[in-house]
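A quick write-up on the structure given underneath.
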Amino acid sequence: MDKPKVVLGVSGGIAAYKACELLRRLTESGHDVRVVPTASALNFVGEATWSALSGHPAVTQVWESVHEVPHVRIGQQADLVVVAPATADMLAKAAHGLADDLLTNTLLTARCPVVFAPAMHTEMWEHPATRENVATLRRRGAVVIEPAVGRLTGVDTGKGRLPDPDEIFEVCRRVLARGPRAADLAGRHVVVSAGGTREPLDPVRYLGNRSSGRQGYALARTAVARGARVTLVSANSELADPAGADVVRVGTAVQLREAVLKAAADADAVVMAAAVADFRPARYATGKIKKKDGEEPAPVELVRNPDVLAELSAGRARPGQVVVGFAAETDDVLANGRAKLARKGCDLLVVNEVGERRTFGSTENEAVVLGADGSATEVPHGPKEALADTVWDLVAERLC
Ligand code: CTP
């Protein structure tokens, strides 16, 4: 079989050096990569590096090898175009259809999925012009992944870093695997909660649960690859931030509720994969609770936490918003799932059986997704990303 053809567009930002690593990952995993740098990208990394690493000449202008009509051919033949780093200038040109060099021509002729991995200073990313350009590109079906937060050029820190090349590679792999169906969530905002809440008793102890966050993180990663703008509300997970998602970290159920409701205000879909504690200690001891010789331990009084899923379902922030819950059950899995779906009022409920060695902390899962319309979709035992993709398939069918 032919190797998948990838165009790696590189625009002129300091993060261009990280694209060398992305190029290596792509070529070493069996992709045929053409690098198309802009003239300014060559100020950061030279033509020799791109050619040597890709095994193809790295051309910036349409005037070289004109007989091969490169400005049309490279884009037409590609299975994927990934622009990393994508500068504010590149996003603006792509959004407005300008074509003054080989990369911008290629973006106009490509009919395959296109991924932009922006990198710039926070002010440039937040500028209304850039916001609008990104929204335009997403509406048209491009996958624009959110920049990471961290150290920028010089001494600044903030949002605008190019995500890790390994992470961009994973996004590319997922987008390629989906082929032309790639960006069915483009232009959509989705919110995913993940992990497990911790309800503090005192400064050192809490009531918690065993959720690792893996299923929620898989939902966030797959939604990024399907083109969505993703807000991941993460409760106490130790997993690395998924590339391309906005991550909001929370601790308790009350904090999770606040973050989810805020993000849900303009969301097309909300998926509650987090294990939210149903109860919290009625009182928080500001000093560590000490044992006293000869005294019985004091009972812990609990109060109910808000039910975020039920609240989201009852008061949809926008018409047509799709709300998805998860149910972890140990017995009577389907009957309990149906009853929970009705009780919570959500559109879809992912029901999985849990036990000592099942689901928690595992990279695999098996579930049935129940729909409020009476549907039941069985998802066989497999990677959590496969279950995540089925959830997004069912969400995409329900989005209007
Ligand atoms: N959930 C929530 N807020 C809570 C508790 C749960 O939003 N306070 C959400 C979870 O994120 C999940 C779904 O509700 O999507 C199911 O959670 P679960 O605890 O299994 O449901 P309960 O109704 O609490 O049922 P059970 O009696 O089995 O605990």
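Cβ coordinates come from backbone N, Cα and C, glycine included.
So that you can see what the record holds, here are the features copied from TrEMBL:
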type	residues	note
BINDING	D278, K288, P306, D307, V308, L309, F326, K340, K344	CTP binding site
DOMAIN	5-173	domain 'Flavoprotein'
DOMAIN	185-397	domain 'DNA/pantothenate metabolism flavoprotein C-terminal'
REGION	1-189	region 'Phosphopantothenoylcysteine decarboxylase'
REGION	190-400	region 'Phosphopantothenate--cysteine ligase'
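A map of TrEMBL features onto the structure.
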residue: D278; record: CTP binding site; contacts (Cβ under 8 Å, 6+ apart): R304, N305, D307
residue: P306; record: CTP binding site; contacts (Cβ under 8 Å, 6+ apart): A253, V254, R257
residue: V308; record: CTP binding site; contacts (Cβ under 8 Å, 6+ apart): S193, A253, L256, R257, V260, L261, M272, V276
residue: F326; record: CTP binding site; contacts (Cβ under 8 Å, 6+ apart): Q215, V271, M272, A273, L349, V350, V351, N352
residue: K344; record: CTP binding site; contacts (Cβ under 8 Å, 6+ apart): D307, L309, A310, S313, G325
Rounded mean pLDDT for the residues that make up the region 'Phosphopantothenate--cysteine ligase' (190-400):
93
Give the maximum pairwise CA distance in Å, whole number, for the residues D278, K288, P306, D307, V308, L309, F326, K340, K344 listed as binding CTP.
37
